[in-house]
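Taken from TrEMBL, the feature substrate binding site covers THR56, GLY57, SER58, THR59, ASP111, GLY112, ALA113, ASP114, LYS124, GLY125, GLY126, GLY127, LYS151. For GLU133, the entry in TrEMBL reads active site, proton acceptor.
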Amino acid sequence: MAGLSARPNGATHDDTLEVFESRGHAIMSDADNLKRQAAAQALEYVRSGMKLGLGTGSTAKHLVDLLAARVNEGLEVVGVPTSEATRAQAESLGIPLGTLDEHPVLDLCIDGADEVGPDLTLIKGGGGALLREKIVASAARQMFVIADASKKVGVLGTFPLPIEVVDFGVAAIRRGIDRAARAAGCQGLLTLRRRPDGHVFVTDQGHLILDAAYHSITNPAALAAELSNVPGVVEHGLFINLASRVILAGAGGVTVIDRA
């Protein structure tokens with residue numbers, strides 16, 4: 001892809017495997033190992049001087065960890081985080097950070113995904129940062145998605161679609177979302193997201209999230225357009241024509257898929 005190339009000889013770092021200590025023995029998590037492999041592959045395309053969008057979620061955490069190691073080795077980059085959680089992690093590891101006001105055009109955004117569908121359509125927002133994630137991805141010249149291979153699906157929708165809404169008239173907004181979904185051929189239960197302690201989940205921007213169990217989204221572009229027209233909907237987790245490359249790590253290795 002223009003402007004980006006892998007590091008010579010596909011060199012990687014020794015810390016591309018996540019290891020957990022249990023009773024004095026090293027135990028490797030297969031799922032985290034795959035996420036870390038995908039993150040490590042994405043970092044092969046990062047060069048000094050780049051302005052990087054830093055994603056949110058379990059896979060993006062590995063990206064930030066590995067990026068910090070590269071920064072400690074002398075890589076010069078500026079990261080723009082997509083959530084307060086990512087900001088806190090990156091700051092604690094010494095990664096230089098900036099904002100979109102300071103850097104309105106980014107070279108590359110690297111983020112995870114909850115599902116990867118045909119034509120690199122995505123469902124994102126499982127971590128609750130979909131609004132900032134979409135803003136940052138839209139500001140980047142290219143967006144790389146990193147995930148384990150299980151996230152690749154034939155049809156989007158098995159993972160509930162996050163829909164970010166304002167905290168006003170939620171019952172009316174729900175009705176609007178239901179009408180919009182039916183117009184796009186979808187129907188399913190909307191669930192107000194809550195934290196593990198039972199309290200309502202509130203995004204970094206002070207909004208709520210409704211998770212839509214549509215199960216099958218056969219026309220993501222149509223649903224995205226309908227949802228965007230519902231008053232009170234701030235953003236939704238359908239990412240259309242944003243991902244330029246998807247990096248999937250599976251048992252057979254790492255697969256790179258570019259958007260046609």
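Yeah, the Cβs are placed from backbone N, Cα and C, and that goes for glycine too.
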C-beta crowding around GLY126 (substrate binding site), within 10 angstroms: 21
Neighbours of THR56, GLY57, SER58, THR59, ASP111, GLY112, ALA113, ASP114, LYS124, GLY125, GLY126, GLY127, LYS151 excl. site residues, C-beta within 8 Å of centre, substrate: GLY55, ALA60, GLU133, ALA147
Set of same-chain residues at least 6 away whose C-beta sits under 8 angstroms from GLU133 (active site, proton acceptor): GLY55, THR56, THR82, SER83, ASP111, LYS124, GLY125
Binding-site residues: LYS124, LYS151 - member with fewest neighbouring CB atoms within 10 Å: LYS151
Binding-site residues listed as THR56, SER58, least Cβ neighbours within 10 Å: SER58
Cβ neighbours of ALA113 (substrate binding site) where a neighbour is any other Cβ within 10 Å: 28
Local Cβ density at ASP111 (substrate binding site) - other Cβ atoms counted within 10 Å: 32
